[in-house]
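Report on the following structure.
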Amino acid sequence: MQEHDLSYVRVEMVNAQAAPASERGAGHWLRTNLFATPLDSVLTLIALLIVSYYLPSVINWMLINAQWTGTDRTFCATTAQGGGIQPEGWSGACWAFVGAKFQQFMFGRYPVDERWRVYLVAVLFVALLTPLLIPRVPKKTLNAILFFVAFPIVAYFLLLGGHFGLRYVETALWGGLMVTLVLSFVGMVVSLPLGVILALGRRSKMPVVKLLSVIFIETIRGVPLITVLFMASVMLPLFLPPGTSFDKFLRALVGFSLFASAYMAEVIRGGLQAIPKGQGEGADSLGLSYWQKMGLIVMPQALKLVIPGIVNTFIGLFKDTSLVYIIGMFDLLGIVRQNFSDASWASPQTPMTGLIFAGLVFWVFCFGMSRYSMFMERRLDTGYRR
Amino acid sequence: MKTIIKAALGTALLALGASAASADTLSDVKAKGFLQCGVNTGLAGFSAPDDKGEWTGIDADFCRAVAAAVFGDATKVRFSPLSAKERFTALQSGEVDILSRNTTWTVNRDTALGLNFVGVTYYDGQGFMLNSKKIPGVNSALQLSGASVCVQSGTTTELNLADYFKANKMEYNPVVFEKVEEANAAYDAGRCDVYTTDQSGLYGTRLTLSNPDDHIVLPEIISKEPLGPAVRQGDDKWYHIVKWVYFAQLTAEELGITQANVEEMKNSENPEIRRVLGTEADTKIGTDLGLTNDWVVNIVKGVGNYGEMFERNVGSGSALKIARGLNGLWTKGGLQYAPPIR
């Protein structure tokens, strides 16, 4: 039965149809993202030209023409350059150099038969850090205690040795990526809590605490890191009585941590200022103590707000580790550059290859930190988004 | 209050004095069980890491020679890579026992800085290199007026360059770089006409050029750079030991004692050789120095004589291929001359 018999009235629903061809697929994506306006089109074309001009030669240099194996400079030099196997006019990456020096780039001069200790620390580090980073893995408190308290102690005894029958490995022999990671890990782990305390101190109503915090932060921020390291390595030994020499690496660690703490304090203070006064007053009216108020109400909100700033400081710290070069310690970049002086590997391609390798390693770590922080921000985003 | 400050200052100065004049380096070194040696953080042929991370080069080997003389074991050395700025402090404060870091011997450093230079292990001098394809017809530095010169900043090289061009009333454009590899790359890319650094460094630079055969080193040497190891002032015993290790290496080369034949040489008929190697009866040269009488045997076994050390690190046995030149023995037209060991 029909309510009406008007033949032009449709009686069944039309099936859902795909968007028009112009609004979907690669064509639409290209149009909206690359060729939306005439200006966009021109910029896209220019960018394409640049990429197509440089990319082939980069790929050629890095992969196709590259020399992957070899035992000395003759593999990475043309006949005119004193080499043997490369044709005239050859130019390519000398990955053989990185291959031959790889162990050194990772461990510095850490004794070869003790390197299992570094591997063990690295395995522990990854094994404890991975579950900490994945939100749905349970037992976060235990994990955090293991990672931030137990792990540094174990790592200290393993890397330095001198106890439990382990051979003592002086820090002067440490180097490469290992030093970069140790310095930045210690810097990060120390600077965050110290930064929180300094930030609270600076906002405190107690004049002495406030004054001390301000003096510390402003002094450290007012002096370049390179000066702090230089003072610690060159001037300090002259003032100490002989025999009481601080370890150079320890000096660098202290310098780095204090430096990062001052910057961290200001980042966190920025977060504290963004929390409305009502939050604190609400906590007070509930009868919470100062530490309860800060730990349960204010800090969680403030820290969440400044994740980008914190990660920024961490990444900066990671890259600043290269400055230990001036006090005669060699992080990844330092040890790569130091090996340019090895005459048996000196060739026109060696420096470029070494620097690209160091750059790639740094990029992998910094990019990893940056991506994880973005993931964390999205996860903790509980409502300020517009 | 004043007295407290005075007392603190006094203590600090006392500590400073005590550390600067650390009385008996030989006993300290023996007690430690190793020699702490300050080297360059990386300079081809002088102190550079090999594939295993071991230090190689003339400067590193000289420290091994001292360790061989003291301990009879050339491996008992620990190296401290030092930057140009921290090298003197490291020696003065006792952080290193010997500074073997391609350091130019100057009157200021020898006197005012509280160091004693023991000798010249490498006679160097600043030179010029240019691309003869790009700038043909130049065969003397005096023709370089108006040239752009690549140079590393913050070194005596930069000052010598300015002096030389001023003294000869010539114009030049310095193109200054902070890092060696930057300067090398810029020179190779043709950003400047001439490259200047110590001659030993020019040989290292040649290895990184794309067409090394096009480049010539000009004959002029514009500065004297006698490079040698130094020790702290105020410890003559240690100073003598390090100095005579250097002379012993020269004497060994002069007498034809090498790493390979040192054991046979012990039985040589030549009284001079027997005296040097400590096999002549009543020889007390080694013990008088505070060492053992077979000290020269240990040095030569450990690192070889001076010639062997030279050829292995910067000469024909290395990639640098530097000729002996001024560093030849005095008998062969060079400057290396050792007082007699007797």
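The backbone N, Cα and C atoms fix where each Cβ goes, glycine too.
These numbers come from a predicted model, not from an experiment.
Per TrEMBL, the stretch carrying the note transmembrane segment among A:56-74, A:75-93, A:322-340 is A:322-340.
Between the transmembrane segment (A:294-315) and the transmembrane segment (A:34-55), fewer than three CB pairs separated by 6 or more residues in sequence fall under 8 Å, so the two stretches do not touch.
Using a cut-off of 8 Å between Cβ atoms, the transmembrane segment (A:116-134) and the transmembrane segment (A:34-55) share fewer than three residue pairs, counting only pairs 6 or more apart in sequence. Tertiary proximity for the transmembrane segment (A:172-201) is limited to same-chain residues at least six positions away from its ends with a CB under 8 Å from its CB atoms, namely 104-111, 118, 125, 148, 152, 155, 159, 209-210, 212-213, 216-217, 248-249, 252-253, 256-269, 272, 294, 299, 310, 313-314, 317-318, 321-322, 324, 329-332, 334-335, 361.
Outside the transmembrane segment (A:146-166), and at least 6 residues removed from its termini, the chain residues within Cβ reach (under 8 Å) are 114, 117-118, 120-121, 124-125, 128-129, 132, 174, 182, 186, 189. Sequence-distant contacts of the transmembrane segment (A:34-55), counting only residues of its own chain at least 6 positions beyond either end whose CB sits under 8 Å from a CB of the stretch, are absent. The list of residues near the transmembrane segment (A:322-340) in space but at least 6 beyond its ends in sequence, with Cβ under 8 angstroms from a Cβ of it, reads 97, 101, 104-105, 108, 171-172, 174-177, 179-180, 183, 225-226, 229-230, 232-234, 248-249, 251-252, 346, 350-351, 354-355, 357-358, 361-362.
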